[in-house]
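Student: What follows is a structure written as structure tokens; I'll ask about it next.
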Amino acid sequence: SGRPILEGYIDTHLISVIHVFVVALVIILLLLFLAFRKKRGFLLPLLAGSMSVVFSLAIINLFHLRLNPFTILLPFLIFVLTIAHSIQFMERYFEESLINKDKTKVGYTVLSSLLSPIRASLFTDFLGFASLILIPIPAMRTMAILGSFGVLSIFITVVLFLPSCFSVFPLPKIQKNNPDLGFTQRILKSFTHLWQRGWQRFFIFFIFLGIFIISIYGLRHIEVGENEPGTSILYHNASYNVAERKINAYFSGSNPYYIFVEGKTPEALLKADVIKEMDSLETFLRKNLKEAGYSLSLADYMKLMNLAVQHRFDVPKKDKTIGEYIFLYESNAFPGEFDVFVTPDHRFANIRLDLKDCRGETIEKAINLTKRWIKENNKNPWARFKYAGGLIGILGATNDVIRHGLFVSMAVLSILIFIRISLALRSFAGGFILFIPLLFSMAVTFGSFGLFHIPFTVATLPVAAMGTGLGIDFSIYLASRIKEEKDKGQNLIVAINHGVLTCGKAVFFTGTILTIGVMSWLFSFLKLQAKLGGTLGFLLFLNMLSALIILPIFILIFKPKFLAGGK
């Protein structure tokens, strides 16, 4: 047990996730081949994705970023994201190849039709990663740098590279029923049946509303922090967590909690009143916190010396006696041995309390008890008590960031994405409607945490930002295609149906590949990676379904002005 052992365990299993990536890559390439049935249909996205990975690895080296359980996932995520955007271009390329026989014109048409939505999509992807820099945790800021630059590389590898290839390579020889997957078309066709009649739309609308309300209820009951002993970075039956539970069961605890004592002047800790308050706080925490085990501070040494000298196990009442006892300890100890408890100038000290677990509930209770005691009992004029340090302090600060900082960064991110989408569509109503599927997916995903008592930890911290940035892509592409069809003079429901059956197929494969790629992390040896992959994959899959079902229904119900008329 202990932090060094945990770090070693993580480093040992960090590279093992590469095997998971290989299996996921094979599945993704198989899906690409089934989707397009052409070599270029999977070779070009594979090449674009590989270039983005090389760029991401170069960023790691350029900025001297350290590989950790989060950052090692990002090159693969950028790879999958590049392939996802490539699918939109490949789908449109094969579609245009049926209409135009001039390869240069095909490349130009593909780029001009997708330039606006992919710019908006890449901008939201960039914001999703960049917003992580607002979270004051080093691992999150590393993800922000690597992810943001990785997304920027997609503009080169997809927006510039693929249309150039389309303009150079001979046009593919395809028939009108290719590329097509029968089951995909049947699924999308069944989706279009959900909004053909008014009562169907409102029926789906009220189902959506009911699920959304239940999810909001779940959001109000989210638990922040660990909910079981050990670390959530590893699985419950990992050897480290097994050892952690046994050590905490048979011994005094392995999770240190430090309270800092700061004197106003040197020699402040020679005051008997200060030592008494240290002892009082220590005793108070041991008595009121059942998870408290062993504790140690300068007060304990004073009581032990007093027991040996005066046969009384309490803090001496005179400042002079405190000074004598400290002198006896320091003069008989090795140089620096006593610095663990008090500085040589007797101005700073700490109280150590070992806890038997680091669950969110335990941490919150320990900090709240400390806060309460300080408010009611820290009356001496010579020293002040400050909290919290050690592992418990770090986890407590992390939980505070999750509890408060996350919502601030999410609010900023949502506003920026909303403005960007509204500008792209030239309609604030359109931006709001595109945001509805995203809000629904976010509410369902995180509402499930509260409903099923799944703790929200640092493992799921990046999901909200990344899910917002990546999840809106599906709605952007589909809305752009619906608008394009509407501008050709078709009525709204025909434009929606055509958009779902054409662009929707690319959205379906994009969502499927993103979900499979991210969900592959579930097979990692590190629970932190598995939890991140499972949550983000579920969120992206929900976003894809919401874009294909909820977005068309809301467009038909509210009829936004940006779709009001054709050319």
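Here the Cβ of each residue, glycine as well, is placed from N, Cα and C on the backbone.
Sharing the record's features from TrEMBL:
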TRANSMEM  12-35  transmembrane segment
TRANSMEM  42-63  transmembrane segment
DOMAIN    46-168  domain 'SSD'
TRANSMEM  69-87  transmembrane segment
TRANSMEM  108-137  transmembrane segment
TRANSMEM  143-169  transmembrane segment
TRANSMEM  202-219  transmembrane segment
TRANSMEM  406-425  transmembrane segment
TRANSMEM  432-452  transmembrane segment
TRANSMEM  458-479  transmembrane segment
TRANSMEM  500-523  transmembrane segment
TRANSMEM  535-558  transmembrane segment
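Are these features on the surface or tucked inside, and what touches them?
Tutor: Secondary structure by DSSP for the domain 'SSD' (46-168): 107 helix, 0 strand, 16 coil.
Residues 40, 44, 47-49, 51-52, 55-56, 59-60, 63, 65, 70-71, 74-75, 77-78, 81-82, 85-86, 89-90, 93, 103-104, 106-108, 110-111, 115, 118-119, 122, 125-126, 128-133, 462, 466 of the same chain lie 6 or more positions beyond the ends of the transmembrane segment (143-169) yet place their CB under 8 Å from a CB of it.
Here the transmembrane segment (458-479) has Cβ contacts under 8 Å with residues 70, 81, 84-85, 88, 114, 117, 120-121, 124-129, 131-132, 135, 137, 139-140, 143, 147, 232-233, 398, 401-402, 406, 409-410, 413-414, 417, 421, 424-425, 430, 433-435, 437-438, 441-442, 445-446, 449, 499-500, 503-504, 506-507, 510-511, 514, 527-529, 531-532, 535-536, 539-540, 542-544, 546-548, 551-552, 555 of the same chain, all six or more residues outside its ends.
Long-range contacts of the transmembrane segment (500-523) within the same chain: residues 17, 20-21, 23-24, 27-28, 31-32, 35, 73, 76-77, 79-81, 83-85, 87-88, 90-92, 95, 181, 184-185, 187-189, 191-192, 470, 473-474, 477-478, 480-482, 529-530, 532-534, 536-537, 540-541, 543-545, 547-548, 552, each at least 6 residues beyond the stretch ends and with a Cβ under 8 Å from a Cβ of the stretch.
Long-range contacts of the transmembrane segment (535-558) within its own chain (CB-CB distance under 8 A, at least 6 residues past either end) are made by residues 188, 191, 194-195, 201-202, 204-205, 208, 429, 433-434, 436-438, 440-442, 444-445, 460, 462-463, 466-467, 470-472, 474-475, 478-479, 482, 492-493, 496, 500, 504, 507-508, 510-512, 514-516, 518-519, 521-522.
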Student: Which residues, given as numbers and ranges, are at least 6 beyond the ends of the transmembrane segment (432-452) yet have a Cβ under 8 Å from it?
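Tutor: Beyond its ends, the transmembrane segment (432-452) has Cβ neighbours at 208, 211-212, 214-223, 414, 417-418, 421-422, 425, 460, 463-464, 467-468, 471-472, 474-476, 479, 535, 538-539, 542-543, 546-547, 550-551, 554-555, 558, 560.
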Student: Any chance you could find the range in 12-35, 42-63, 69-87, 202-219, 406-425 with the most Cβ pairs under 8 Å to the transmembrane segment (108-137)?
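Tutor: The stretch with the most close Cβ contacts to the transmembrane segment (108-137) is 406-425.
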Student: Restricting to the same chain and to residues at least six past its boundaries, which positions have a Cβ under 8 Å from a Cβ of the transmembrane segment (12-35)?
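Tutor: Long-range Cβ neighbours of the transmembrane segment (12-35): 41-42, 45-46, 67-69, 72-73, 76, 80, 83, 87, 179, 181, 509, 512-513, 516-517, 520-521, 523-526, 529.
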